[in-house]
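**Student:** For reference, the structure I am asking about is given below.
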Amino acid sequence: MKTLLLTLLVVTIVCLDLGYTLECHNQQSSETPTTTGCSGGETNCYKKRWRDHRGYRIERGCGCPSVKKGIEINCCTTDRCNN
């Protein structure tokens, strides 16, 4: 009986972990902070920063895109790490 209960506990923990979805901030520049659940098995959040005629611009989201010269990017792997 104890073995059965222990087995069920382990299976429950493993199944709950398989449904995990990374959560990243996705607001742009000075917008109100918002978050989104990443899809497609994304394992990274990013924060991209660059300067244009309006000043510094910031973009946040899921993934870790490649960027052009002059654009600063920080990628991370934990929930809401890209604030």
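Here the Cβ of each residue, glycine as well, is placed from N, Cα and C on the backbone.
OK, Swiss-Prot features for this one:
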type	residues	note
DISULFID	CYS24-CYS45	disulfide bond
DISULFID	CYS38-CYS62	disulfide bond
DISULFID	CYS64-CYS75	disulfide bond
DISULFID	CYS76-CYS81	disulfide bond
SIGNAL	1-21	signal peptide
**Student:** Please identify, among the disulfide-bonded residues CYS24, CYS38, CYS62, CYS64, the one with the smallest Cα-Cα distance to CYS81 (disulfide bond).
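**Tutor:** Given the candidates CYS24, CYS38, CYS62, CYS64, the nearest one is CYS24.
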**Student:** Quick check: in three-state DSSP terms, what is CYS24 (disulfide bond)?
**Tutor:** strand
**Student:** Determine, from DSSP, whether CYS75 (disulfide bond) sits in helix, strand or coil.
**Tutor:** strand
**Student:** Among the disulfide-bonded residues CYS64, CYS75, CYS76, report those whose Cα falls within 10 Å of that of CYS38 (disulfide bond); none is a fine answer.
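**Tutor:** Of CYS64, CYS75, CYS76, within range: none.
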**Student:** Which of the disulfide-bonded residues listed here (CYS24, CYS45, CYS62) have a Cα atom within 10 Å of the Cα of CYS75 (disulfide bond)?
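**Tutor:** Within 10 Å Cα-Cα: CYS45, CYS62.
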**Student:** Do any residues at least six apart in sequence from CYS64 (disulfide bond), in the same chain, have a Cβ closer than 8 Å to its Cβ, and if so which, in order?
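**Tutor:** Set apart from CYS64 (disulfide bond) by at least 6 residues yet with Cβ under 8 Å, we have ASN44, TYR46, ILE73, CYS75.
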**Student:** How big is the Cα-to-Cα gap, in Å, between CYS76 (disulfide bond) and CYS62 (disulfide bond)?
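**Tutor:** On Cα coordinates alone, these residues lie 10 Å apart.
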**Student:** In whole Å, how far is CYS62 (disulfide bond) from CYS24 (disulfide bond) when you measure between their Cα atoms?
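**Tutor:** Checking the Cα atoms of CYS24 (disulfide bond) and CYS62 (disulfide bond) gives a distance of 6 Å.
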**Student:** Could you tell me the C-alpha distance between CYS62 (disulfide bond) and CYS45 (disulfide bond) in angstrom, no decimals?
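**Tutor:** CYS45 (disulfide bond) has its Cα 4 Å from the Cα of CYS62 (disulfide bond).
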**Student:** Specify the count of other C-beta atoms within 10 Å of the C-beta of CYS81 (disulfide bond).
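**Tutor:** For CYS81 (disulfide bond), the count of other Cβ atoms within 10 Å is 17.
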**Student:** Test of understanding: give the count of other CB atoms lying within 10 angstroms of the CB of CYS45 (disulfide bond).
**Tutor:** 28
